[in-house]
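**Student:** Provided herewith is a single structure, encoded as structure tokens, for subsequent inquiry.
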Amino acid sequence: MDGEGEGSGIRLSKRFAGGKVTGGSLEVDYKTKSGTAWSHSFLNQKPWHPLSYPNQRRKWIAEQTHAQHDRRAEEVAREFAQEQEFFKQAALISKKEREKIETMKAVSFMYVRPPGYDPESAKAAEYKDEKHKGQGSSTQDPVADDNVGSRPEESQGGGERTQERKKPRPKDVFGRALPTEEEFEVLKNAPRMETGIPGRVKPFAVEVRNVKCLRCGNFGHQSGDRDCPLKDAVMPNEELRLKRDDPLTAIIAHTDPSEPLKWELKQKPGLSPPRGGFDPDDPNQQIVAEDIFDEYGGFLEGSIPIEILKSMSSDKKRKSKKNKRHKKHSSRTVEETDESSTGSEDSREKRGSKKRKKLKKKSKKQYDSDSLSFEGSGSDSYRLSRRRHTKHVDPSASLKSEVYHQGNSHREKHYYDEKHQKRKEIVDRPSASSDDSDYYRSNSSRKKRSEDDYKSHHRERKQVHSNDPVSEKSQKQHYSESGKIQRVEKEHRYDERRHRYVDMESENRNRSEKKPRYDDRDSEKHHRSVKGKEKHVYEASDDPEEFSDRYRSTKKTESDSESNRRSRKKKHELSSEEEEGESRKHRYSTNRRRN
């Protein structure tokens, strides 16, 4: 013991420096006193000694917990002070702003990092875990390690590429994989953030979907999207599912394979004879050609009757003839339409002249028949008609209606309407003289000639204007002259109407002068007196022929006055037309000279 103590010396603890007690004034030198029981190598092994390792550990833990408790108390005090400050500020602001701030504060914990979270340490830990996983997979494939030497260099290069591809993808703070250039071509040569923090990108407004398709293995779309090239392709793992979900497989599973299907039973003949069952190979079920009926109810054994063949041929011939007739008729109609479309104005005038001739013939026939019926009718029928007329019709009213009718006929402009009116007037007065009728015919022929000359003159003018190139100035002059002509024509028409009105007024005055004047205002008494006079006259002249002569003479005088008026009017019209024709010829000649 002593030798050991002297040779080795006393082992001092960390609290002693150079064999002196730092805490007290006494300096004890254990080397001088050897062989004592105060050796630290012995005392440190005791559990009750403060310098023992477990006691030192407990002390350190107690110190750390105490320091952490103090730190936590400080943080709580700081938070409390902040909260009190917030409440003071909130008391000063409005109610709406206070509610907004309170709601924001209620949700603010979602955006605060969890206490004790270090992103760098977490990232490093994840990287280590991935490394361990990769090493485990390489150690688990010993066959691959054995065959490495036997592979060529190209295969080794391919393995290196696969290892490069299997590099761990960079992830964000929450452990989600970030899109890289390898997966998305859009991100090639994209600008990077200077801070080095991985951020979410949307280059050129292209949405980068950080998802992987399970069918094709590409990034940017999922298995059900349209972008996937294998959208409609049936994968091998889906074939089993489709077969399992197919209802036909379930039906086949429920049915017995030995039993025939319904459509097969329908095709095969039945076994029971009452249900139409038969054996198709049976000789009594064979169809013979002799038993087949033809269309006409006979058998096909004999030849077809000749009468049927004849009837069929005649029917066909009739049909063909009908078709030919129809075709001929249609071709004729087409030719006629072509001719009518290509026909000139001369052909139209010819047709119009033919129609006029027909109308003249008809009017002559009507006139002859009316005159015959008028002459052949007896005196009794004349008396009856005269009595009816005197009963129902007022003579003054009849005169007024005749005058009104004549005025209307003069106002009508159309040429054919005027002709028709003249024919009516001729028929209405059968006792007109032959001289008057000759005069009317000559007058109408003159009017026709003047109209034909006028039309031909207009046609020549149109042809000349279409052939000769006219300058813009001459065209303007022509338009101005045509406007003047129209004004002159309007003035002439107005003069004609005024002349007609004056003539009608003069006629009415003459008639009123011829009528017997009376001072009685009562119209009924006047009508009675007129009727009495007519009766008296008729009774005095018992002979109806004398009465008819008297009637004819009165009519003749009226017709003479009308014919004189018409002749005056026609002369006026002819003179105006001649003046217009001369003025047009003069203008036409002046235009030709200018051109």
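Every residue gets a Cβ built from N, Cα and C, even glycine.
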**Student:** If you check Swiss-Prot, which stretch out of 67-84, 175-192, 211-228, 229-246 is marked zinc finger?
**Tutor:** 211-228
**Student:** As a quick check of your reading of DSSP, tell me how many residues in the zinc finger (211-228) are helical, how many are strand and how many are coil.
**Tutor:** 0 helix, 2 strand, 16 coil
**Student:** Let me spell it out: take the compositional bias 'Basic and acidic residues' (120-133), skip the flanking residues so only those 6+ beyond its ends count, and list any with a Cβ under 8 Å from a Cβ in it.
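**Tutor:** Same-chain contacts beyond the ends: 168, 171, 175.
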**Student:** For the zinc finger (211-228), what are the same-chain contacts with Cβ under 8 Å, counting residues 6+ beyond its ends?
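**Tutor:** Counting only partners 6 or more residues beyond its ends, the zinc finger (211-228) has Cβ contacts under 8 Å with 179, 183-184, 235.
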**Student:** From the DSSP assignment alone, can you count helix, strand and coil residues within the compositional bias 'Basic residues' (584-595)?
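**Tutor:** Reading the DSSP string over the compositional bias 'Basic residues' (584-595) gives 11 helix, 0 strand, 1 coil.
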